[in-house]
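Positions annotated as signal peptide by TrEMBL: 1-24. Feature annotation from TrEMBL assigns beta-D-galactose binding site to ASN89, ARG90, HIS191, THR192, TYR193, ASP257. Residues or ranges marked as active site, proton donor in TrEMBL: HIS191. For GLU319, the entry in TrEMBL reads active site, proton acceptor.
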Amino acid sequence: MSSKINLLICFFILHLLAATNVRGRKIGIYEIKKGDFSVRITNYGARIISVLLPDKHGNIGDVALGYDTVKEYENDTTSFGALLGRVANRIGGAQFTLNGTLYKLIANDGANTLHGGPKGFSRVVWNVNKYEQDGPYPHITLTYHSTDGEEGFPGDVLASVTYALEDPYKLSVVMKAKALNKATPVNLAQHTYWNIGGHNSGDILSNVVQIFASHITPVDEHLIPTGEISPVKNTPYDFLKPREVGNQISKLPSGYDINYALDSTVEMKPVAIVYDKKSGRVMDLQASAPGVQFYTANSLIQKGKGGYVYQPHAALCFETQGFPDAVNHPNFPSTIVTPGKAYVHKMLYTFSIMKYWNSY
């Protein structure tokens, strides 16, 4: 009997280690907290795994979709909360030419490369460089060294992301990258699935959204940009004035999944505002990137936190970014980073409460 118990104990320990280590590197969960506002992060994929804040009644809710355990993130196919790279979004034909050299990548979205490839930055363990849970500046800084040839990309890249809580209910995300020895494309993006009514509150079709962009980059049937930059006026993509997500979504094949070219040229430009009438929560996003992918979780069916099953349109994603497939479209803002020139991408989420619809 004792030998069987010992075997069971050994099995449990091995299972626990497997859940907290990838190739010998420890995976952890880290919380940063300011009063009743807290964000949890895991260094597996540098992911945001929860964001807790009050609603208009003072009730605390989690507004980020995700899972209960780290192991579930290791098997994730949705990129819940992930830091995407080396190049987020799509690269057409899984290839590009840079300085006269053709680079062939690993295709993981039909014939194309999506979010850096089958591994990307979202399926690796990042190093924790700095961590302060609370105090005047709660923050965590994570780093990852991407090697020359990884997923087919040229050169070594040192990437970092810092998540920090600044003023009350402000979440700052600062992504940086350095090309160490070769020119290479870099386009980092943060991929949290937001439902500011609460992760388990149903769909987001009644959320009111405003996007500060009067143009999109149209795509073909494989979601690869055509190279055009087209106005949103008189199309379902027009969110220049606030309106409900579900107002014109039926005019699209499945929902929103498109890159917007942001209007402002200042460094920290307005990106989008989201308002949930039931909870009263508002999320205001600013960023330094030229574009934002607006995605409404169109085909999502996934068991998540607490066993809740997330359905299509259960969340919104606002992935600020360089334009998709920019490496194959010279008219798009360049995503090439050269040695000696740092890449910096800043985001600032500001959460607040608005109790009455007519004040919007």
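Positions of Cβ are set from backbone N, Cα and C atoms, glycine also.
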>> Sequence gap of 6 or more, Cβ distance under 8 Å: name the residues on the same chain that satisfy this around HIS191 (beta-D-galactose binding site), in order along the sequence.
In response: SER79, PHE80, GLY81, ALA82, LEU83, LEU84, ALA88, HIS115, SER122, CYS317, GLU319
>> Taking only same-chain residues 6+ apart in sequence, whose CB is under 8 Å from that of THR192 (beta-D-galactose binding site), what do you get?
In response: ILE48, VAL51, ALA64, LEU65, PHE80, GLY81, CYS317
>> Cβ neighbours within 10 Å, counted over all protein chains: which one of the recorded positions ASP257, GLU319 has the most?
In response: GLU319
> What is the one among the binding-site residues ARG90, TYR193 whose Cβ has the most other Cβ atoms less than or equal to 10 Å away?
Replying inline: TYR193
> What is the number of other Cβ atoms found within 10 Å of the Cβ of ASN89 (beta-D-galactose binding site)?
Replying inline: 27
>> Between all pairs in ASN89, ARG90, HIS191, THR192, TYR193, ASP257 (listed as beta-D-galactose binders), what's the biggest Cα distance, rounded to the nearest Å?
In response: 18
